[in-house]
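*Asks:* So Swiss-Prot lists the following for this protein:
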BINDING   H34, D101, E112, I113  Mn(2+) 1 binding site
BINDING   E73, D101  Mn(2+) 2 binding site
MOTIF     117-132  motif 'Nuclear localization signal 1 (NLS1)'
MOTIF     177-240  motif 'Nuclear localization signal 2 (NLS2)'
Amino acid sequence: CFNPMTVELAEKAMKEYGEDPKIETNKFAAICTHLEVCFMYSDFHFIDERGESMIVESGDPNALLKHRFEIIEGRDRTMAWTVVNSICNTTGVDKPKFLPDLYDYKENRFIEIGVTRREVHIYYLEKANKIKSEKTHIHIFSFTGEEMATKADYTLDEESRARIKTRLFTIRQEMASRGLWDSFRQSERGEETIEERFEITGTMRRLADQSLPPNFSSLENFRAYVDGFKPNGCIEGKLSQMSKEVNARIEPFQKTTPRPLRLPDGPPCSQRSKFLLMDALKLSIEDPSHEGEGIPLYDAIKCMKTFFGWKEPNVAKPHEKGINPNYLLAWKQVLAELQDIENEEKIPKTKNMKKTSQLKWALGENMAPEKVDFEDCKDVSDLRQYDSDEPESRSLASWIQSEFNKACELTDSSWIELDEIGEDVAPIEHIASMRRNYFTAEVSHCRATEYIMKGVYINTALLNASCAAMDDFQLIPMISKCRTKEGRRKTNLYGFIIKGRSHLRNDTDVVNFVSMEFSLTDPRLEPHKWEKYCVLEIGDMLLRTAIGQVSRPMFLYVRTNGTSKIKMKWGMEMRRCLLQSLQQIESMIEAESSVKEKDMTKEFFENKSETWPIGESPKGVEEGSIGKVCRTLLAKSVFNSLYASPQLEGFSAESRKLLLIVQALRDNLEPGTFDLGGLYEAIEECLINDPWVLLNASWFNSFLTHALK
């Protein structure tokens, strides 16, 4: 019952998508119908030389007339987009996201035609929700003679629309007479959006129907309403229209509205990273070529032998809550067992420590409360969970800003090779590899990059040992590798970890470990930073300075700590921080390039005179070279990984909302808010005791001050 040209186009369209018209007959009929309606919509409509529209049905019209509608539907995709682009270029109309069906030269708008076997308003809302464009006009016809169009503007005269409705009625009758109509009517799917295809049945369906707001008869009816809900205009009105109980007063947000975040009081916060950062000291060997080079234990022993200033250890700063003699004994045991290894003919590849009382204590062996089967205790009358104490509030301490500043600095070694950031899966475009190389050059010597490689090494070694030697107290050297300025390889030892029992079944099961790390930092200078550590003095180191050699005490920072499979997995993937900060830099380059309409990568990295905003400090907006920007972004990403915590997650998510409001104010968008107090509460409940979160909050306050000046 369809026009032969329509049939041919519909077959072609389906084949383009790999569908068979003979199998998917309902879809085929729907495509044919839609094509016919589009052609009929444009038939006989012309525009005369004065731009007036007219209808000409008979033979030879005046040659000066121009077709009123451009037909886009029915062309192959490439051609269709070419037509759309040329219309947009000549008329200045916005380019639509989806291919429309027609363009109306009289009204200067694209038209989306819909033909539905369901109710027109439901189909209309689905279409509107899909194309989400104010500019494209929508016109829906149904087989029952109903129609619906944007703003009730039907574009065509009554008679032309009646022709279309009659044709649809005829198609329906012809299908019915062949027994095809029922199947065709029921086969219509909504516009393909994820929600539409998700069928809800059974109990869920009954629950959905029971929980509809008042005045809605069915879930579809409610969905159509929600999809058609345009979130512009006056919010108060929308809210009151939604429910009588809601009354949100929208308060204007002005420069004087926001107050600074309240940072907690209390003792200064303490270091909580899994390994030392700026305070770490390395024992290093250059151009390692010893036997077994690359085996951690061999490398560690070789590094230990480069130092000659060992002395009888003593406690320089006790751990307030711990048994300090045990920490001392643990270090002495490490020295003794390393000595034992050397006395053997063949050095083993791994070293398991003797399970001495000091190590059992430090690793919490037998400390876990005994597990009892629930069946045996469910009759206990006062069975309850432990009361856990609220975390104690801590105030911001200056050390965390110093840690961050140090992480942004350059070291005298390179910590990654050029190809460290992502392997090339495909031949990477020239620009992308150029950006990557420039970026790598800026960050390869950065201290944050050292932290990445150190973190990857420690987490990999610890996860390996946790799986391979579950019951053993394995000694794991903390090692990193780098290249000196002259390109010589270097192996560094930061200290040791001793791993506790590690039967890790779940991702969150904890493995305890004791870390022992070398340092030249005297813990008595900032004792609050080292609250969780017992610090031993273990030797004297000769340092070359401008005034000659000086001897400085060498310390060992010892603490018990713990981690889990999931944390180690993320620790092993710390190289992602390089990628994250590279992407942030790329978006800055993209922004520059789009303004200048050419790729600005080279200028961006090579123009040394230009400065860029790095961040806000109490002094104002800090600026620096592009290299400094790269390193600062990298350091932020690395600290987010090193100091990951629920407090950070909450603070980032909640403070971002306030940030967006302030930015909207800066851009003169006149933002309004309701329950700003609730937002402040949500942000401030994350400010408890975490050094990195507290530092970010104080940066946020600096930003508020300058943004609102």
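Including glycine, each Cβ sits where the backbone N, Cα and C put it.
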*Asks:* Can you list the residues of the same chain, besides H34, D101, E112, I113, whose Cβ falls within 8 Å of the Mn(2+) 1 site's Cβ centroid?
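*Replies:* Filtered neighbour residues, in order: V37, C38, E73, P100, L102, I111, G114, V115, H139.
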*Asks:* What does DSSP call H34 (Mn(2+) 1 binding site) in the simple three-state scheme?
*Replies:* helix
*Asks:* Within the chain of I113 (Mn(2+) 1 binding site), which residues six or more apart in sequence place their C-beta under 8 angstroms from its C-beta?
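*Replies:* In sequence order, the residues whose Cβ lies under 8 Å from that of I113 (Mn(2+) 1 binding site) (at least 6 apart) are H34, V37, C38, Y41, E73, D101, L102, H139, I140, F141.
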*Asks:* If you count Cβ atoms within 10 Å of the Cβ of H34 (Mn(2+) 1 binding site), leaving out that atom itself, what do you get?
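*Replies:* Excluding its own Cβ, H34 (Mn(2+) 1 binding site) sees 20 Cβ atoms within 10 Å.
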*Asks:* Counting only residues 6+ away in sequence within the same chain, which have a CB under 8 Å from the CB of E112 (Mn(2+) 1 binding site)?
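*Replies:* Spatial neighbours, sequence-distant, of E112 (Mn(2+) 1 binding site): F98, P100, D101, K127, I131, T136, H137, I138, H139.
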*Asks:* Mind tallying the motif 'Nuclear localization signal 1 (NLS1)' (117-132) by DSSP state, helix then strand then coil?
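*Replies:* In the motif 'Nuclear localization signal 1 (NLS1)' (117-132), the DSSP-based counts are 12 helix, 0 strand, 4 coil.
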